[in-house]
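**Q** Take a look at what Swiss-Prot says about it:
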DOMAIN    2-67  domain 'BTB'
DOMAIN    102-176  domain 'BACK'
REPEAT    216-261  repeat 'Kelch 1'
REPEAT    262-307  repeat 'Kelch 2'
REPEAT    309-354  repeat 'Kelch 3'
REPEAT    356-403  repeat 'Kelch 4'
REPEAT    405-449  repeat 'Kelch 5'
REPEAT    452-498  repeat 'Kelch 6'
Amino acid sequence: MESVIFSINGEIIQVNKEIITASPYNFFKRIQDHHLKDEAIILNGINYHAFESLLDYMRWKKINITINNVEMILVAAIIIDVPPVVDLCVKTMIHNINSTNCIRMFNFSKRYGIKKLYNASMSEIINNITAVTSDPEFGKLSKDELTTILSHEDVNVNHEDVTAMILLKWIHKNPNDVDIINILHPKFITNTMRNAISLLGLTISKSTKPVTRNGIKHNIVVIKNSDYISTITHYSPRTEYWTIVGNTDRQFYNANVLHNCLYIIGGMINNRHVYSVSRVDLETKKWKTVTNMSSLKSEVSTCVNNGKLYVIGGLEFSISTGVAEYLKHGTSKWIRLPNLITPRYSGASVFVNDDIYVMGGVYTTYEKYVVLNDVECFTKNRWIKKSPMPRHHSIVYAVEYDGDIYVITGITHETRNYLYKYIVKEDKWIELYMYFNHVGKMFVCSCGDYILIIADAKYEYYPKSNTWNLFDMSTRNIEYYDMFTKDETPKCNVTHKSLPSFLSNCEKQFLQ
């Protein structure tokens, strides 16, 4: 019986000529004349046992592929050009991709030009980016590859500080490519992380590129109001899904989001004031009643900072209150702050550089009803007066942007909405062009390069250019609350001495 001789790494395999001539694969068609010669056909880059497995497949149309031998069989199948075995191997590898091997499979797919495996391994890296940073192969990704991964809209990061830690870990292994840090969007990075990056001698350029990482964009919590029961839903820009979280039977409440929990504060139930605070976890949808506030009140102002929920002012029956207090997330004790200089309800409060600013609202007693324009700032454990707003406003929405405060006013006694900018360092107010008029509730939050306003439609206001964009949407009887990530960077005064400890803590929190 005539045979064709193959030599692999010095080992000889004799193959029946009939198997070679019956093969439909191009590689064997090209060597069918070699059986007349005595010399062996040398095969380079192929494993001996993998070639045996391919011969078994040619004989019996069966092959034993496992996670342990799949790579060597796949390499042999690619070189020998046996498409059915290539497909079987690729399916096996894709089925077994996980966060511990996805970078190795990613590199393998590039080396041999396997598009399906490339796409599958890239998807696994994108979905498990924080976990794969522990892989020794992570630092060997090229600058362009990591840029592509971190620029993908579905990359699984939920805070730009997490992106920063991923980049810092990669830069540690690739110190000649520090300019990759410029894929960060500074507006989404906390001051603490910015300081740490600066102490490392790195400079982040102001980004002019659009934000592609959906996970760092603001999630939205929506409360659709009715006369009795309001429905709470949560929208994730990353998944593009709306999820019903639960319901509340309160009116005249305030709400805010802290550590992925929505807090419903005060208000009225069946026309009775309440001092209870409810909290719903937006991931598990579980409700919990937290410690009561110091008094019964509705129409309070709230803001969050450094893991704490601040509740300021409000209406105690028919009298405005100046009580200010805060609750640290996960604790059960309210801490009182000094009272406001002027009691008020329905005002706005916002943090700028760890100072609280409170503005507008209504001061009322049994005899008085005064719409306010005054502004107070809580700094160094006391309230101080600041320059008043240009006009008196009972409904005020405020947001911090680039170290200053932007205020949009509602309509009650006023004839139209106003837009103001408060320059914090100069203690100065200026009036800006207001694009629309809307009677009813609004939502305002800072979203990177613009301020989002939801009223009768969705508006984007760009402070740097003083321009507006308009998007139609149905917003009747809906309130919107900003959603913050639970992965908050440890807040501290980062110095050269404390920098290693800070980065170590962030790595443990974000990347493990």
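Glycine residues also receive a Cβ, built from the backbone N, Cα and C atoms like all the rest.
Mind running through what each feature is packed against?
**A** For the domain 'BTB' (2-67), the predicted model reports an average pLDDT of 77.
In terms of DSSP helix, strand and coil, the repeat 'Kelch 4' (356-403) has 0 helix, 26 strand, 22 coil.
Same-chain residues lying 6+ beyond the ends of the repeat 'Kelch 5' (405-449) with a Cβ under 8 Å from its Cβ atoms: 185, 187-188, 211, 217-218, 348, 350, 352-353, 357, 359-360, 371, 375, 386-391, 393-399, 455-457, 459-464, 466, 468, 470, 479-482.
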**Q** With DSSP as the yardstick, break the domain 'BACK' (102-176) down into helix, strand and coil residue counts.
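**A** Once the DSSP states are binned, the domain 'BACK' (102-176) shows 55 helix, 0 strand, 20 coil.
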